[in-house]
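Student: According to TrEMBL, the compositional bias 'Polar residues' annotation covers 1-10. According to TrEMBL, the domain 'ABC transmembrane type-1' annotation covers 93-306. According to TrEMBL, the feature region 'Disordered' maps to 1-21. Marked as transmembrane segment by TrEMBL: 32-53, 97-119, 131-151, 179-204, 225-247, 285-305.
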Amino acid sequence: MANPTISTTAAPGKPPTGVFRTKSQQKRRNRYVIAPLVLVGVNAVLFLVFFVWPGALGMLYSFTDYRGVGKLHFIGLANFQKLLADSTFYAALGRTFVYTVLSVPLVYVCSLGVASLLVSRAVRGRTAAKMVIFLPWLISPIVVGVIWKWLFGQDFGFVNFLITGAGGSALPWSSNGNLALAVVIFASAWGGTAFNMLLFIAALKNIPEALLEAAELDGANAWQRFLHVTLPGIAPTSFMVILLSTIHAMKEFAMIQALTNGGPGTENTLIVQYIYKTGFEQSKVGYASAASMVLMVVLLAIALIQLRFNRKKG
């Protein structure tokens, strides 16, 4: 039998009160205290190793002429001065903004539309539909890119096969910059809808039924209920989806790398592709790090603007 330990507390004017705690209870209590600290500590170490340390190295490299090997030579702001005069950098950044402006609304509309259908009681097979729609999220972006490249290949793509089979002319999906970007945008929406759909489903289910019923009794039609009850009710989730989708679009790499490799030529090279090619193909690690720092500032600015807009609207 375990020997009990006694902890006593005494209040003024009262005799001590005995609180008995066995050794097993003490060990269990210690585990409850230590376990969260271990979990937090492991995550903190991983965050430092995979985020803080690479970020600090990137900031250091941005002030050097480092080329991946050899010694570091500090050159101050020379990389940033050169970057601000680089037309290729501005072209990649501008194309990234175009891609973001076109893809984020599409992802938002698709995610919210699918979520609205899947919470409707009139729709059958909702569980199976959720599983099927969520599958693209489980597939690697590289694989998604390969699938869409097979569908929209210019010479041997399935879509052009159907078009030519119907008597039409094959479309230049790869050699036309706008068509190539459109394919990337739709592929990104197909792959990114699933996760946002789950967020919207949770938000839609949290809207009180009483509000929708009251609006219906007041004579509001389905569109008016959606516009004046549903959208305000999911506003926090909408903000999160737009913010995350914007950041993801600004950092898009794998999808466009697999689909078009930034082509035709460099017309659809996005900013992360520009950084990758500059750092790894041209061995200008310091210069690419400077571009990464500029991208980080742009993303922070976008996030702050969206936060400010959301607070004003709220």
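Here the Cβ of each residue, glycine as well, is placed from N, Cα and C on the backbone.
Whatever TrEMBL says is automated annotation, not expert-curated.
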Student: Quickly jot the same-chain residues contacting the transmembrane segment (97-119) by Cβ under 8 Å, restricted to those at least six beyond its ends, or write none.
Tutor: 126, 129-130, 133, 181, 184-186, 188-189, 192-193, 196-201, 204-205, 226, 230, 234, 238, 241-242, 245-246, 249-250, 252, 270
Student: Looking at the stretches 32-53, 131-151, 225-247, 285-305, which one shares the most CB pairs under 8 Å with the transmembrane segment (179-204)?
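Tutor: Looking only at 32-53, 131-151, 225-247, 285-305, the most contacts with the transmembrane segment (179-204) come from 131-151.
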Student: Checking distant contacts: for the transmembrane segment (32-53), what same-chain residues at least six beyond its ends satisfy Cβ-Cβ under 8 A?
Tutor: none
